[in-house]
Each structure stands twice: as structure tokens, then as C-alpha cells.
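Engineer: Sharing a structure below in C-alpha cells format, with a few things to ask.
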Amino acid sequence: MSIIWMIDLTFAPLIGYGFTYNATEFLKEPCPWLDEASQPSWAIEYEHEKLYSAWLVGSNILAGLSSVLLYRLSAEMEESARIGLDLPLTLYFGQVVLWWFHYPLVHYLCSLPMGWIDITMAGVASAIATFYYAEYSLIACGMMIPYVALMWYHIVWDTFMLWRTYKDSRRGRK
């Protein structure tokens, strides 16, 4: 594997998310329910933006590096042993694509339920991929932990915001 491929695979999660984030920011219409919603006190992307940015960038780079590590490991294996690595790498790349669509779903389409479904599928896929990474490389598994934590942070945030939105809408009807 050339150094260019290694760099591409390492930064792919971050570049894709950065592209969808910036495209959404450019094209989006205001989402009144999201702009007016009070964020939970533990939502770090609003209270501690620099800490969240470091977590986002660092965890995405580590996840990309872990996929490169497994990909290089698979290149050194025999054909029959390599088949086992297909599942974790496929899950990883599938959930990366789901991760790219989370921000546009919530902020462009203004659909928190769709965003919740998307990020939950991405979080579950990243957790399963990390579990399978451990069979081949504990280092790659450890590098995925901050990324999985980021996914599950977003699942909890989306769940909380869905609950709050539903609770507020029920209160408004009574």
C-alpha cells in the first residue's frame, strides 16, 4: 500500500464529514426547533467548542489510522485468513458513510428522527467493527474507542433532543 493510500484512508472520515458539514452550512435553511431548543448542559459542542473540535478531529484520524492498520494487516495475510477482515472493514466504511450524513439530516433536512436513526446505525456498526478489530489488532481496537465514544455521544444527544422535543410538543397540546 502506498503512502498516498494510507493518507487517504486515514483522513477519509474527516474529509467526508467536513465536506458534508460545509455543504450543509452553505445550503441549509434555518431549523427553528433546533435553533430555539435549549441544549443539555452536558452538550460539549455548544459549551466547549474547542474541546469538541479536538475530539472530533482526533477521533476521526485515529479511526482512519486503525482502518489503515487493519487493511495493511490484511495485505500480509493469506487469502483464506483475509476473509475474516472483510466484515469489520466493511462495517467501518459503511458507518463512515452514515456518519457523513448525520449533520445534513439533522441540520439541512431538519429531521432529528432521521438523524437519530442514522447515527444509531453508525454507532452500532462502529461498536461491532471495533469488537471485530480486537480479534486482529488490539492497537487498532484501542484507536477506535474515542471514535465509538463520539458516535455514542451523538446517539445520547439525539435521543435527549428527541425526548425534549416530544415532551415540549405534548405540553403544548394540553
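Just so you know, glycine gets a Cβ as well, placed from its N, Cα and C.
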Engineer: Transmembrane segment per TrEMBL: which of the ranges 3-22, 83-102 is that?
Structural biologist: 83-102
Engineer: Please report, as numbers and ranges, the same-chain residues at least 6 past the borders of the transmembrane segment (52-71) whose CB is under 8 Å from any CB of it.
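Structural biologist: Distant Cβ neighbours of the transmembrane segment (52-71) are 1, 6, 9-14, 17, 44-45, 85, 88-89, 92-93, 96, 126, 133, 136-137, 139-141, 143-144, 146-147, 149-150.
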